[in-house]
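These notes concern the structure reproduced below.
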């Protein structure tokens, strides 16, 4: 599943081709995604795209009439292509631009979404209760400590809670906890401020580095230009259960936590 770095890399890839361009058509071949795709042709045709933003794992394509809210789901991708590019399997939506290009949404598993919001997007039900962005100053040790106060949940589950901080999915939660030396099952409310300070710094550093490297390539993710990400070569624990720890040589443990695979080093990461 694309996580925050992959979505940000996609945003950076498509924005230069979209901003200040006029929409001349919207082609919906299959509107049966995670939620039905609304028929917004009348609203969006003729509109100029003002900016392309990201909130958590959502891409926001702004026009004066409203905002398209796009989520890549488990396997979705957005590509900038010439108008006459042949349609392939799972190419569900084309946003057609006056500059001779299209923004094409492809999603084999159809867990993605393309929605429309005419209200301030912060009021949309999908966005209204989201926590702070991890790469902004709003995500800091004071905020995290307050959010974790009294919580008995495992710290990894809290890191992946979008009400606490957005966009830290399974890959980067595993990696950040390893880098911070914190066991993923550690009780969140009992982690001291010093360790939380390290954790916040590692979350920021790892996400920023993943964006710089072009995202993590697993089964489905490619950049907006079709190129793979390269951060998978840098993973220390995710997907490496049973292999040796890159720090101490101990065998990495693999468990299920919150229905997600969790990999950690029992020597380097403590409760």
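Even glycines carry a Cβ here, placed using N, Cα and C.
Going by Swiss-Prot, these are the annotated features:
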ACT_SITE  2  active site, schiff-base intermediate with DNA
ACT_SITE  3  active site, proton donor
ACT_SITE  57  active site, proton donor
BINDING   90, 109, 151  DNA binding site
ZN_FING   236-270  zinc finger
ACT_SITE  260  active site, proton donor
Only counting partners 6 or more residues apart, tell me which same-chain residues put their Cβ under 8 Å from the Cβ of residue 151 (DNA binding site).
158, 187, 188, 189
Counts of helix, strand and coil residues, the zinc finger (236-270), according to DSSP:
0 helix, 13 strand, 22 coil
Compared by Cα position, which of the recorded positions 57, 90, 109, 260 is the closest one to residue 2 (active site, schiff-base intermediate with DNA)?
57
Please find which two of 90, 109, 151 have the most distant C-alpha atoms, given that the record lists them as binding DNA, and give only that distance in angstrom, rounded to a whole number.
42
Listed recorded positions among 57, 90, 109, 260 whose Cα sits within 10 Å of residue 3 (active site, proton donor):
57
State the Cα to Cα distance, in Å, between residue 90 (DNA binding site) and residue 57 (active site, proton donor), rounded to an integer.
21
What is the one among the recorded positions 57, 90, 109, 260 whose Cβ has the most other Cβ atoms less than or equal to 10 Å away?
57
Limited to the zinc finger (236-270), I'd like the whole-number average of pLDDT.
97
Cα-to-Cα gap, residue 57 (active site, proton donor) vs residue 260 (active site, proton donor), nearest whole Å:
18
